[in-house]
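Residues or ranges marked as transmembrane segment in TrEMBL: 26-48, 60-79, 140-162, 203-224, 236-254, 274-292. For 41-289, the entry in TrEMBL reads domain 'G-protein coupled receptors family 1 profile'.
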Amino acid sequence: MATKNRTEVTEFVLLGLSSRPEMQPVIFGIVLAMYLVAVMGNALLVTVACSDPKLHTPMYFLLSQLSFIDIFLTTITVPQMLVHTLSTNRIISYNCCMIQLFFFMAVGSMEGHLLAAMAYDRCVAICDPLRYFAIVSHRLCLRITLTSWVIVSLNSLLYSVLVTRLTFCSNQVTHFFCDITPLLQLSCTRPVVNEMLIFTEGVAVVVSPFFFILGSYACIGIAIAHMHSVAALRKALSTCSSHILVVLLLYGSVIRMYLRPSSSYDLDQDRQVAIFYTVVTPMLNPLIYSLRNQEVKGALRRLFRKLWISGNFQPGSQANREWKHVS
């Protein structure tokens, strides 16, 4: 890359998911549908967690934060991609690209930290249930959330600043948003510092929550092995199954996209993994937690029942007049 001509880049061209014109309407329709499902599903989960008193617990506070993160993560990238899919102008300014990179990395890293906090919550609930509310409080969850935001923001800021110090030989980004890997590929020289940072500091910030999750589930496994009640065993497994599935979806994508040598990067495959990470996973998370969680399903039923009653028995409504006539 050292032999390439150096140019002063003031804007980037995002090449999108596909260069085939006949595929653009198909991509637009599919991604738009998944985006709407992801946003509405996660917004509904946040509404339920905030409005239902039975879900005002540390576990569901963390779950509502995860849903908020999923809305933020998919909104950072997808609306712009949808506009570019149906347009010939796929330009993004240099400053907007760096801002998008910062927020994407911060929000993406934050999701792992929240999953680690949720693993700790489940670990205490199963291993030490009698002291659960004394150990895991709303104040502790709030402190964990705020501290995690500070850590991931500083980490993302460090990456973004280092990228701004690179000299780019091209402005053609083989992606549908500004991500760290395709931007490093445009560097005129090998970005050794950035690559070392990904495999050192990046591993510490991004992958350490994963190892914390593994440690938490090791403790949970030991506790489950000593359970003699079938009902307690079933309840422990049911509360963890949704979380485990979400963890596998997240870290399977992250490890595939970022934690490998630069020589093995395949930007075409990375775009496919990125669409799974930025759209499919946020769409599946609320479905996983609502379909596999009896408390969430019960809260959804109560919310819909309340909305139905308030809609049908408003003053002046036909249902209300009929009810008064019967009375």
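Backbone N, Cα and C define each Cβ position, glycine as well.
Curation does not apply to TrEMBL; its annotations are automatic.
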Next item on the list: Restricting to the domain 'G-protein coupled receptors family 1 profile' (41-289), report the mean pLDDT as a whole number.
Entry: 86
Margin query: Please identify the stretch among 60-79, 140-162, 203-224 with the greatest number of Cβ pairs below 8 Å relative to the transmembrane segment (274-292).
Written below: 60-79
Notebook entry, point to check: What same-chain residues lie close to the transmembrane segment (140-162): Cβ under 8 Å, and 6 or more beyond its ends?
Noted result: 58, 61-62, 65, 98, 101-103, 105-107, 109-110, 113-114, 117, 121, 180, 191, 193-194, 197, 201-202, 205
